[in-house]
Amino acid sequence: MVKAEHLEFLGELRAYLDALDPDLVAATRAEHIADAMQPRVNGRRFLARLGADGWLGVSWPAEYGGQGRGPVEQWLFAEELCDRRLPNGLLTLNAIGPTLMAVGTDEQKAEFLPRIIAGELEFAIGYSEPDAGSDLAALRTRARPDGDAYVIDGQKIWTTGATVATHLWLAARTGEQADRHRGISMFILPMDAPGIEITPILTQGGEQTNTVFLDNVRVPAGARIGAENEGWRVLTTALNYERMFYHNEPRWELRQLRDWAASAGLLDDPVVAETMGELAVDVEICRLFAQRGAQMLADGQVPYAEASANKVWWSELRQRICDTGLDLIGEAGTVAGPTGPAHGHLEHGLRSSPVWRFGGGTNEIQLDIIAQRGLGMPR
């Protein structure tokens with residue numbers, strides 16, 4: 001539930017953002033619109049500015065340099081930045097940071113949390129492999145103990161942001177292959193570690209993701225997050241934090257479509273008006289999924305099924321909005337780039353939509369989680 005203090009916080013945030021250097025904001029927005037999946041120079045400068053001013057760790061405890069507010073404020077922060085088409089540090093700030101707070105050692109917290117909240121670090125995710133996507137427990141990247149270190153060999157794929165990240169959040173096998181979930185451990189690797197090689201992959205949406213090869217990469221034992229062979233709990237904790245902040249883009253995308261429809265004089269058409277109304281309701285449902293998950297976190301609960309429901313609704317809603325846009329615009333809607341209708345965002349969204357459905361865990365897997373964890377149905 002959004003309360004008066006939440007709205008007061010939102011007013012403070014908007015006043016702060018309005019007062020930022022307009023040149024930095026404009027340059028950051030241009031980068032972010034070009035490829036929101038790939039943080040760049042101005043995006044780093046922007047996040048560092050927010051970090052220096054104490055605005056990155058909205059929900060982080062004061063002991064870690066945050067404002068000590070709650071997950072609802074963090075949700076509002078992410079939504080406001082998305083509405084302004086500015087980066088919000090989604091993955092690193094809202095998923096990796098809280099997971100380290102929950103399961104990291106004191107040394108790991110001291111090493112990483114101050115740099116995350118200062119906007120200095122950017123994490124890429126090393127989960128999927130060529131033969132381990134939806135069935136992530138089949139992963140084969142191996143971390144072999146060697147004295148006071150681990151030696152890691154393997155391959156990761158669909159590692160978005162690897163070329164610009166400072167660190168890799170890596171799932172690797174430390175137990176037997178047959179152990180599946182119980183044989184996995186989590187690690188943090190610096191991206192400049194010897195033995196890491198990155199090969200770019202261009203998607204049909206125009207974004208870049210990557211394959212990451214790990215060849216005899218040596219890391220200290222202190223790079224392991226959580227207990228050995230108990231990394232599945234760490235991994236799913238980070239995924240649930242990540243999925244709870246999937247909600248922002250549909251509201252902005254619907255606004256782009258509505259503005260175009262208004263400029264084309266289509267909003268007077270009752271069928272178009274009804275369709276826009278239905279999508280607006282769906283956007284609010286998306287926001288309520290995220291708000292509910294944030295409130296559960298504030299109440300000390302883990303939103304397993306709720307996070308999955310949010311991810312499914314969010315990804316399918318984005319495709320519905322883009323499909324509707326192209327239905328209304330017609331062939332002209334296939335024109336890419338800023339000269340196209342709605343500045344090309346709907347055309348780009350349609351090309352990108354497969355990524356939304358399988359990124360962060362396929363929607364089919366999420367439906368299984370909803371059935372089992374949320375509805376108590378058998379496997």
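In case you wondered, yes, glycine gets a Cβ from its N, Cα and C as well.
TrEMBL labels come from automatic prediction, so no person has curated them.
As annotated by TrEMBL, domain 'Acyl-CoA dehydrogenase/oxidase N-terminal' applies to 31-120.
Per TrEMBL, domain 'Acyl-CoA oxidase/dehydrogenase middle' is recorded for 124-216.
The average pLDDT computed for the domain 'Acyl-CoA dehydrogenase/oxidase C-terminal' (229-374) is 87. Marked as domain 'Acyl-CoA dehydrogenase/oxidase C-terminal' by TrEMBL: 229-374.
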DSSP-derived helix, strand and coil totals, residue by residue, for the domain 'Acyl-CoA dehydrogenase/oxidase C-terminal' (229-374): 119 helix, 1 strand, 26 coil
DSSP-assigned states of the domain 'Acyl-CoA oxidase/dehydrogenase middle' (124-216) in counts, ordered helix, strand, coil: 10 helix, 49 strand, 34 coil
